[in-house]
Amino acid sequence: MAFNISHQIGSIYGATVPDPSGGDSLSPSASSLHAAAIWKPPTTDLRCRIKRQNQDADLITPPVSPCRSPVLSVSALVTESAPITTEEDSDLKLHVEVSRSSDKRTGAVPVYVMLPLDSVRPGGGVNRKKAMNASLQALKSAGVEGVMVDVWWGIVEKERPGEYDWGGYTELMDMIRRHGLKVQAVMSFHQCGGNVGDSVTIPLPKWVGEEMDNDQDLAYTDQWGRRNYEYVSLGCDTLPVLKGRTPTQCYSDFMRAFRDRFSNLLGNTIVEIQVGMGPAGELRYPSYPEMNGTWKFPGIGAFQCYDKYMVSSLKAAAEAAGHPEWGNGGPTDAGHYKNWPEDTSFFRKEGGGWDGPYGEFFLSWYSQLLLDHGDRLLSSARSIFPAEAGVAISVKVAGIHWHYGTRSHAPELTAGYYNTRKRDGYLPIARMIGRHGAVLNFTCVEMRDHEQPGEAQCRPEGLVKQVTMAAKEARVGLAGENALPRLDGYAHEQIVRAAEGMKAFTYLRMGPNLFHPENWGRFVGFVKRMSEGKGREKCRELVEREAESFVIHATGSLVREASVS
C-alpha cells in the first residue's frame, strides 16, 4: 500500500497528517496536492491595530531569529535510506538530477533549508536519526540544494577550552553527504533560548559561563544594569578574558578546528561558512531581548554599551573628539525597550537628539564598534577558509523593519545599524563584508508591507530594497532568508520576486508542517520556480501543477522504504 510523503513524514514526526482525499491510497485522483494556500489574507487591508496603552497587539509579526522556530518531534519509523535500485527509483533519480541541473540556469537561486536547532544532541549523536534521514531524502527529491546546520559552540567546546567534541556533527555531516545535499555551516557562537519560538536551550560553553559569572562585564549591559548573556560583549574582543584567550581567538580556534575535522568535505559537501557575529548569529547588538518580557514588538529596544569595556572605549572616543563629557554613557533620553520613537526625546522626529552633534558622535561610535567586530571575525575566517578552498563565507544581517518608516529608524539604531532618513547605514556594512569577499545574508525577504502593522511604520519591502541596492553598490554577493516560518503561496511569491540576483536562499525551517500535503506541494513548486532562473516568470499555477505531479511520483520510493521498515 502506498502513502504520500505527508503520511510518511507525519508518522516520522509522531504527528498524523490527514490525506486531503479522506482515503489512504495514492491514486492520482485521491492524492493530488492542490496549490491553493491554506492561509489566505482577507481581501481588505491586512494591517493590524496596535494598542499603545500596554495592551497586547493582535496578529503582530515579531522578528524571528535562527533560534525561533519549532523542532521535530521525537518518534521515527523509517530506517536508514537504501541505495536506489528499482526501475521506478531510477526514474526518480533521473527526475531529481534533471531538476537539480536547472540550478545552473541563468538567474537560478539555489534553495537551502534550515535544519532543526537541536539536530545534534549536547552529548553527541544526531537527534531523531530516522526522522532526519527520511526528511533529508524528501528534501533531496524536491530539488533542494542543501541544508543549513547550526554548529553550536556550546555543544562542541562545552566542558573545557580547546577540547572539541565533533561526534554528533560528524554523523550528521556524513548523513547529509550520503543524500547528496550541500551544507551551509553556521558557526553559532551565541546562546539559543529565551526568544520567541525557541524550543530548545543551548547555552554558551560551561567554561565561558564561569568567566562571565566572575566578570559580569563580559556580558552586554544596558543603562539599567541588565545583563545579556546571549553573546560575549564585543567590547572585550581583543582582551584575554576567556581563560587566557581573547574572544576573537576562541572563535578563530573553533573555526580552525572545524576546518581540520571536516577538511575532506570542504568545497564539495560543506560549501558555506556563516560566521556568528552576535545574538541569533546576526551582526548586531542584543537590543531587543524577549527573555522575561524585557522587549516586546514593536518596541525600539535599548542601547547595549554599559559594560565597563565599552564604556572605556566610549570615554576614549569622547576625549579624542574634544568632548569628554560625552563619554559617560549612552543617551539618557532614549526611552525604554517597549517605547515608540515619539515617546522619547532622543528618537522623536522633530528636534530629536539622534539628529544633533552628540547623537551623530554616539551613533557613529556605537555602529563603528559593530563594524570593527565584523571586520575582525571575517578577517580571521578568511585566513582559515581561503577563497581557493571553495567555501563561501557569509554574515547574517537582521531585518529590523519596524519603525523603518520614521525619520530616526530607532530600532535599527539601538541594534547598531546607523541607518536613518538621512543616512544609509547598510552600505558601510556591505562594504565591510565585501572587503573580505564574503556574502551578505539578509532576512525578512518574504514579508510584504501591507501584512505588517502600519501604525508601527513597518516597511520590510523598502528595507529589502535598500539592502539589495547597498549590496549592489558595494559589489557584494547577497543571499536571503525568510524571517517567519511561512508556508503559504503569498510568502513564496514575495520571495521569488525579491530573490532575483541572489546567490542563494535559505528557507526557515524543516519541521512537521513543511510536510503537510498542501504545504509540501507548494514548497516543491516554490523550489522549482527558484531553480527556473530567467524562466521563473512562468505562471505560478502551472509550475505548481507540474510540481504536484512530481511530488506524487517522488514519494513512491520513500513510502516503500517506510513500509519495509
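From the backbone N, Cα and C atoms, a Cβ is placed for every residue, glycine too.
The annotation substrate binding site is assigned in TrEMBL to D150, H190, D198, K396, H401, T443, N482, A483, R509. Here the Cβ of H401 (substrate binding site) has 27 other Cβ atoms within 10 Å, regardless of which shown protein chain they belong to.
The active site, proton donor annotation in TrEMBL covers E282.
Around E481 (active site, proton acceptor), taking its Cβ as the centre, 24 other Cβ atoms fall within 10 Å, counting all chains. According to TrEMBL, the feature active site, proton acceptor maps to E481.
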C-alpha spacing of E282 (active site, proton donor) relative to N482 (substrate binding site), in angstrom: 14
Integer Cα-Cα distance in angstrom, E481 (active site, proton acceptor) to E282 (active site, proton donor): 12
